[in-house]
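J.: Dropping the structure in here first, questions after.
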Amino acid sequence: MKTNGHFKDFAWKKCLLGTSVVALLVGCSPHIIETNEVALKLNYHPASEKVQALDEKILLLKPAFQYSDNIAKEYENKFKNQTTLKVEEILQNQGYKVINVDSSDKDDFSFAQKKEGYLAVAMIGEIVLRPDPKRTIQKKSEPGLLFSTGLDKMEGVLIPAGFVKVTILEPMSGESLDSFTMDLSELDIQEKFLKTTHSSHSGGLVSTMVKGTDNSNDAIKSALNKIFASIMQEMDKKLTQRNLESYQKDAKELKNKRNR
């Protein structure tokens, strides 16, 4: 009887230990490895040849861009800053002196800027990256003590949407002389991605042996690099000295009219 009591006590403790181990393991969240193999470079070199310098100044407003929620704030800031730098480089390559305006609003031009600026360039737009609904699938982890991974996955293709509109202004009057718009959904940019997140439940025993991979951030950076290059390529084609000098007559009339 005494031996039997010891056996029952041992079995009970073993059961408790096993239950505790299971509870501990079930409570562990699986590890997610986020890849970082792509750099956000946002590079572009003007394709057109440098032309003869003119004694004319162009006011360059800061871009007023909005971004989709999946684009990190630091990426937004770099995209905006690089846009300003590269458009400035394109305009300088076309022979213009560039005055950077620390605002995206034409109403913030100083009188001196209005007076000395031949033209002004303003940019607005929406930079959107979204999963292609036709080529994206979602798989949610089912709750369970044993085989639940505790990981939800979205796998598919990231595509661009939104637009960028560039407006050419006469600074003194603030009147628009011309504009052109780029539809980002027309760009042939497709980035495969796998986004992995923790499920609302902690997962089962198998979750302790599972490692999830998430390369969605790399896909976003790669897509932004390509979007940026496409936007700058279009800017390079449109913001030529030949095109910008074609506004000279209208710009002069508007400036003189405002000065009367």
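Each Cβ is built from the backbone N, Cα and C atoms, and glycine gets one as well.
As annotated in Swiss-Prot:
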LIPID     CYS28  N-palmitoyl cysteine
LIPID     CYS28  S-diacylglycerol cysteine
REGION    134-139  region 'N-acetyl-neuraminyl-alpha(2,3)-lactose binding motif'
SIGNAL    1-27  signal peptide
J.: For the region 'N-acetyl-neuraminyl-alpha(2,3)-lactose binding motif' (134-139), what are the same-chain contacts with Cβ under 8 Å, counting residues 6+ beyond its ends?
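T.: Contacts with the region 'N-acetyl-neuraminyl-alpha(2,3)-lactose binding motif' (134-139): 152-157.
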J.: For the region 'N-acetyl-neuraminyl-alpha(2,3)-lactose binding motif' (134-139), what's the mean pLDDT in this predicted model?
T.: 94
